[in-house]
Amino acid sequence: MKKKDYYEVLGVSKTASEQEIRQAYRKLAKQYHPDLNKSPDAHDKMVEINEAADVLLDKDKRKQYDQFGHRAFDNSSGFSSNFTDFEDLFSNMGSSGFSSFTNIFSDFFGSNKSDYQRSTKGQSVSIDIYLTFKELLFGVDKIIELDLLTNCSACFGSGAESNSDINICNNCHGTGEVLVQKNMGFFQFQQSAKCNVCNGAGKIIKNKCKNCKGKGKYLERKKIEVNIPKGIRPNQQIKLSQKGHASTNNGVNGDLIIDIYLKESKVFEIINNNDILMTYNISYLDSILGNEIIIKTLDGDIKYKLPKSINSNEAIIINNKGLYKSINKDKRGDLIIKVNIVVPKNLTKKEKELIEQIYEQTSFNPENNINQ
């Protein structure tokens with residue numbers, strides 16, 4: 001069966017950034033994860049999504065894929081017959097699960113637990129948090145709510161009504177695996193496969209837990225407090241270990257990955273990594289007279305003595321009032337204020353008379369040279 005294009009699988013363009021690919025993967029993973037999606041094709045779809053993300057989120061693999069397509073990772077072209085010994089033969093059978101001839105027996109018989117029974121880490125969860133400029137600057141504590149797979153409190157994740165309802169699978173004798181015979185050319189060998197009776201669990205549940213209907217887990221709405229420290233930047237991540245979905249076979253929970261984004265602002269902008277640029281309106285009279293004004297900033301009100309005759313688009317620099325240069329440290333960038341001189345559209349009769357008197361007495365004339 002012909003494989004789908006990895007970019008099509010994730011629904012992104014071939015020029016998509018790593019962030020766009022990561023966001024597309026998270027969206028699809030939430031939609032098709034078998035623990036959340038019970039449709040019969042969810043498992044195969046999730047395998048396809050994981051395979052595509054594994055390649056496209058790895059710079060080297062993506063480069064190979066863009067150049068050669070699926071052929072770059074095609075291991076199905078057969079096996080060479082020019083082996084020097086049996087160890088060479090089995091070391092090349094990457095698809096059989098054996099790393100070399102010397103550990104065939106340990107793969108068959110040396111483990112008390114199959115891959116299907118081993119504890120596995122729970123699925124990690126990714127969420128996006130959008131911060132205001134003030135929250136980004138000073139840090140903030142957020143309470144987030146999300147649905148997480150949690151081990152059943154009644155059966156503690158076993159899925160059984162009681163311990164006596166858990167029986168060893170007679171087909172695989174509790175290993176979760178059975179041996180199947182494979183033919184490859186002139187060679188015949190055995191390979192372990194997941195037991196189709198117990199689905200790799202190694203056990204059969206007689207009476208299922210009524211609380212979780214035998215699943216061992218259920219979705220539970222949880223509130224989680226997230227501390228976002230000062231000094232964090234947009235597009236950075238915070239990882240809360242073991243705050244994700246519950247694990248399988250008593251493994252550790254997955255992680256909660258928080259992607260930080262900045263809400264759009266009409267006032268503030270980040271420049272030079274650590275500086276904050278803001279536009280501030282100033283009265284035309286304050287600019288002419290060089291008055292002391294109150295500038296409202298994210299740090300609060302700041303008194304500032306204007307230089308006389310400051311013009312629009314000139315910058316006022318207030319040191320150490322920008323972003324924190326690193327997480328939970330006190331060194332900061334600068335606040336750069338771009339001045340915008342505001343002239344009133346409506347004047348009182350008295351104001352207009354006074355300005356006309358000044359106009360009649362002034363010799364000021366701004367230069368305009370159209371030949372420059």
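Each Cβ is built from the backbone N, Cα and C atoms, and glycine gets one as well.
Noted in Swiss-Prot for the protein shown:
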- Cys152, Cys155, Cys209, Cys212: Zn(2+) 1 binding site (BINDING)
- Cys169, Cys172, Cys195, Cys198: Zn(2+) 2 binding site (BINDING)
- 5-69: domain 'J' (DOMAIN)
- 152-159: repeat 'CXXCXGXG motif' (REPEAT)
- 169-176: repeat 'CXXCXGXG motif' (REPEAT)
- 195-202: repeat 'CXXCXGXG motif' (REPEAT)
- 209-216: repeat 'CXXCXGXG motif' (REPEAT)
- 139-221: zinc finger (ZN_FING)
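Cβ neighbour count for Cys155 (Zn(2+) 1 binding site) (all protein chains, 10 Å cutoff from its Cβ): 24. Only residues 6 or more beyond the boundaries of the repeat 'CXXCXGXG motif' (209-216), in the same chain, are considered here, and those with a CB under 8 A from a CB of the stretch are 151-155, 157-161. Within 10 Å of the C-beta of Cys195 (Zn(2+) 2 binding site) we count 21 further C-beta atoms, all protein chains included. Neighbours of the Zn(2+) 2 site: apart from Cys169, Cys172, Cys195, Cys198, residues of the same chain with C-beta atoms within 8 angstroms of the site's C-beta centroid are Asn170, Asn171, His173, Gly174, Thr175, Gly176, Glu177, Val178, Asn196, Val197, Asn199, Gly200, Ala201, Gly202, Lys203, Ile204.
The two recorded residues, Cys169 (Zn(2+) 2 binding site) and Cys209 (Zn(2+) 1 binding site), show a Cα separation of 18 Å. If you draw a 10 Å sphere around the CB of Cys209 (Zn(2+) 1 binding site), it holds 21 other CB atoms from the protein chains shown. In terms of Cα distance, none of the binding-site residues chosen from Cys172, Cys195, Cys198 sits within 10 Å of Cys152 (Zn(2+) 1 binding site). On the backbone, the CA of Cys172 (Zn(2+) 2 binding site) and the CA of Cys209 (Zn(2+) 1 binding site) stand 23 Å apart. Around the Cβ of Cys212 (Zn(2+) 1 binding site), 19 further Cβ atoms fall within 10 Å across all displayed protein chains. The helix, strand and coil residue counts that DSSP assigns across the repeat 'CXXCXGXG motif' (152-159) are 0 helix, 0 strand, 8 coil.
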